[in-house]
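A.B. asks: Relevant sequence annotations retrieved from TrEMBL are reproduced here:
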| type | residues | note |
| --- | --- | --- |
| TRANSMEM | 61-80 | transmembrane segment |
| TRANSMEM | 86-107 | transmembrane segment |
| TRANSMEM | 119-139 | transmembrane segment |
| TRANSMEM | 159-182 | transmembrane segment |
| TRANSMEM | 208-229 | transmembrane segment |
| TRANSMEM | 241-264 | transmembrane segment |
| TRANSMEM | 271-289 | transmembrane segment |
| TRANSMEM | 295-316 | transmembrane segment |
Amino acid sequence: MEMMVGVIAFVGLLAFHRLVLSNAIIGYASLIAGIAVLTNSVRVLAGFVQGTQTAPSVSVILIASTFGSVCVVTGVAHAYSISGWIAGRYLGEMIVLSALVWHLRGYLFRRPILVNQSLPSLTLISLGVSANVAQFVRLLCDNLPILGMTAAKVKTDQIGHFGLATLVLMGPTLIFAVIAQVELPQIVLVRTEHGAVARRMRRLMRSLLRSALLFSGIFIVIGVFNRLIFHFPIGDTLDLLIVLSMALPLRVTSLAIGTVLMALRQYKLSVYINSVEAVLTAPIAYYLAKQFGAKGAAIAFFLGSVLSLALHAGVLRASRLLSSNES
């Protein structure tokens, strides 16, 4: 059902781009919607893996497929710039998705998928639409810096350096997503107990922050050592990676709050948060990219992470979803 709803959104945006408004950014947005379909499918299957209690056996497959995905995206992006980056993202997500489907083939193809008992209800479809829209807008927010560089007509080599730096973050980002996905079913089980949800959120936040700080420290040390000692030719990419990695603790904190919102079925709230973030971040990303190129896009990435955290934390507090645990 996730894939069905996502495909409808992708086709709708693509048709809007072709028939109504032929604009480069709308075109890229429609293509990003397609990536969101694959990303959502990976997320759903990762949660299913947790339910089958086979997570340890799939970890090696995930690591290998992710490494292959990064290599593919890097090579295609280097050869074809922004168009190659988007095509590479499709190929990369499909590699990871194919690995998960192969691992779960015994579960997924045990019985027909479209039997009457397995068809989703209207309520489930409505929740699926909201969840997919939230995922699409979130993915759009994450890609605003590179879209801003494209709109500002930044030099291809700078887009390549920035794209490569973001690809390096794909590894830790997948790890963070898996950690959140593993915790999500546990939060769902206690979603009627506000105190238990708050404790689970703090536990998830601590786990994510430890991982984020570890990766941030590694990337910063590598970048500084290269700047002072090694002087590798990918120095520009590493300089951008330092700035991007500083945003990881902010982003995982937002991820923890977003996971809680998903567990509480507050999909529309997630859509509103991400939509406001997109509206506020887009002009900033465009201006900084136009003025400072790839460095400006990296700064926009960091500022977007600050804004995302402020919005998620502010909405969670204002909504009083966990207010019962404060007594």
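These residue numbers are counts, starting from 1, taken along the chain as shown.
Just so it is clear, glycine is given a Cβ too, placed from its N, Cα and C backbone atoms.
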A.B. asks: Cβ under 8 Å, sequence separation of at least 6 from the ends of the transmembrane segment (295-316): give me the contacting residues as numbers and ranges.
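C.D. replies: Sequence-distant neighbours of the transmembrane segment (295-316): 141, 144-146, 148-149, 154, 162, 165, 239-240, 243-244, 246-247, 250-251, 253-254, 257-258, 260-261, 269, 272-273, 276-277, 280-281, 284-285, 287-289, 322.
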A.B. asks: Between the transmembrane segment (159-182) and the transmembrane segment (241-264), are there three or more C-beta pairs closer than 8 Å, counting only pairs 6 or more apart along the chain?
C.D. replies: yes
A.B. asks: Who are the long-range neighbours of the transmembrane segment (241-264) in its own chain, taking Cβ under 8 Å and residues 6 or more past its ends?
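C.D. replies: Distant Cβ neighbours of the transmembrane segment (241-264) are 131, 134, 138, 165-166, 168-169, 172, 176-177, 180, 183-184, 187-188, 191, 197, 200-201, 204-205, 208-209, 211-213, 215-216, 219-220, 222-224, 270, 273, 295, 298-299, 301-302, 304-306, 308-309, 312-313, 316, 321-322.
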